[in-house]
Amino acid sequence: MSSTEIQNLGEEPCFRLEHLPGKSPHLAGKASPQVNSRWDAPQVTANGLHDIEDRILRITGYYGYNPGYSSHRREEGSESHADTPVSETSGDGTAYQTCANTVLKVLGGLLVVLCVSSSWVGTTQVVQLTFKSFSCPFFITWFSTNWNILSFPLYYSGHMATTREKQTPIQKFRECSRLFGEDGMSLKVFLKRTAPFSILWTLTNYLYLLALRKLTATDVSALYCCHKAFVFLLSWIVLKDRFMGVRIVAAIMAITGIVMMAYADGFHGDSFMGVALAVGSASTSALYKVLFKMFLGSANLGEAAHFFSTMGFFNLIFISCVPLILYFTRVEHWGSLSSLPWGYLCGVAGLWLVFNILVNVGVVLTYPILISIGTLLSVPGNAAIDVLKHEVIFSVVRLAATCIICLGFLLLLLPEEWDTVTLRFLTTLADKKTEEHGEELTESSVHTRSRSRANGAVSIPMA
């Protein structure tokens, strides 16, 4: 039996357990484990004193205790606290990266807006310059549409330069042919799907060029913006899209602007005919977009490039006979091929191709609403050139009609949930003002009480 002794009376008792002489603390025949038991001496801190928590755990016989346990826990706790700011920093970095991506997308969108507007203004102005020496609108339309063949090669070049997964042109062409169905492109599908859209495309551009021979570039570009209202009306009637009162108002404003534009010079002469041609161009453009959405749905960048190239091939193969017919019938007659203004013709075709590419690329890279704004900005751009270069004087009626059409165009850009978002914003703003007013009243009452106490005044409540 082990002996126990008290060394100093009145001081803290210290118990020491001794083994019996000749006895091993372990069982006979068992190997001694090479681990520290709970009877081992605890570790000593740097100042030579035992850690109080370690001594308490040792005396009470805490299961699984080993010296320095509490200090280890404190170190782990400090490490866990040190990890918290790192996670917060990573979260802040993610939010900063998202914000930076949004800013870059908006800035890229603004750049695309300027390019879209500039290309459309350039196309309109160069067409009018071409008419001074070569007044053949259908030939210009046919020649410019043939350049759409370059859409898919340009897309494939960009695809090869920006992606790691390389595909042959045939593989990429077949992949993009899924726009026409699971079976891809065939002669039947080529004639069935491409023919109506190619005809509408040619008719839209041809009517637009005819209108430019009758009206100024500003008037034609403003009237062409009415296609947005026609798209809404056709989508509401044919595609059963959601009814929106604000878009009906915008459509009425567009029609009002058209009537005012026709009334500016009286309902006769070239002015009225030019308005009719411009409105016809906007109508065929709207029909083209609604039918595309109905039969083909939405298309990505590769499918859009494939579709434009397909229309270019259809135009080259099947519509090339029309300029020849117009030539031999003397409707659009020109001299030898060397006498044609190839510089202006290539300029119109190139700018038209750039405009179509920017519209499709811009929808993928940035917000679609910015592309529509770029088309609208062509109106003031053409107006500035007409005033500064051509010295055009606009009447009050034409200016009012142009402003009404542009305002209706902007109303058509409102999202479908614009009313709900606006009401929510106004409610939040009103609640915020109410909270600020309540905080101001609370602060003023606190200041009043503090002043009354400082002056020794006592407020007596009324009975």
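Including glycine, each Cβ sits where the backbone N, Cα and C put it.
Curation does not apply to TrEMBL; its annotations are automatic.
The region 'Disordered' annotation in TrEMBL covers 71-92 (among others).
Look at TrEMBL and you will find 72-82 tagged as compositional bias 'Basic and acidic residues'.
For 103-122 (among others), the entry in TrEMBL reads transmembrane segment.
The transmembrane segment annotation in TrEMBL covers 134-156 (among others).
According to TrEMBL, the transmembrane segment annotation covers 190-209 (among others).
Within the same chain, residues 120-121, 124, 208, 211, 215, 247, 250-251, 253-255, 257-258, 261, 275, 278-279, 281-283, 285-287, 289-290, 293-294, 372, 375-376, 378-379, 382, 401-402, 405-406, 408-409, 412-413 sit at least 6 positions outside the transmembrane segment (221-239) and bring their C-beta atoms closer than 8 Å to a C-beta of that stretch. Marked as transmembrane segment by TrEMBL: 221-239 (among others).
According to TrEMBL, the transmembrane segment annotation covers 245-264 (among others).
Annotation source TrEMBL lists transmembrane segment at 271-292 (among others). Same-chain neighbours of the transmembrane segment (271-292): 196-197, 200-201, 203-205, 207-208, 210-211, 213-215, 219-220, 223-228, 230-231, 233-235, 238-239, 258, 261-262, 264-265, counting only residues six or more beyond its ends whose CB sits under 8 Å from a CB of the stretch.
Here the transmembrane segment (304-328) has Cβ contacts under 8 Å with residues 136, 138-139, 142, 145-156, 173, 176-177, 179, 185, 190, 194-195, 197-198, 201-202, 296, 334, 356, 360 of the same chain, all six or more residues outside its ends. For 304-328 (among others), the entry in TrEMBL reads transmembrane segment.
Sequence-distant contacts of the transmembrane segment (340-359), counting only residues of its own chain at least 6 positions beyond either end whose CB sits under 8 Å from a CB of the stretch, comprise 112, 115-116, 119-120, 122-123, 126-127, 129-130, 133-134, 140, 143-144, 146-148, 150-151, 154, 205, 308, 334, 371. Summarising the annotation, TrEMBL assigns transmembrane segment to 340-359 (among others).
Annotated transmembrane segment per TrEMBL: 365-385 (among others), in sequence order. Within the same chain, residues 105-106, 108-110, 112-118, 120-121, 124-125, 216-218, 221-222, 225, 228, 358-359, 394, 402, 406, 409-410, 413 sit at least 6 positions outside the transmembrane segment (365-385) and bring their C-beta atoms closer than 8 Å to a C-beta of that stretch.
Taken from TrEMBL, the feature transmembrane segment covers 392-414 (among others).
Among the features that TrEMBL reports, region 'Disordered' is placed at 436-463 (among others).
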Mind checking which residues of the chain, 6+ beyond the ends of the transmembrane segment (134-156), have their Cβ under 8 Å from one of its Cβ atoms?
-> 127, 169, 172-173, 176, 198, 201-202, 205-206, 209-210, 213, 301-302, 304-306, 308-309, 311-313, 315-316, 319-320, 322-323, 326, 332-334, 340-341, 344-345, 348-350, 352-353, 356-357
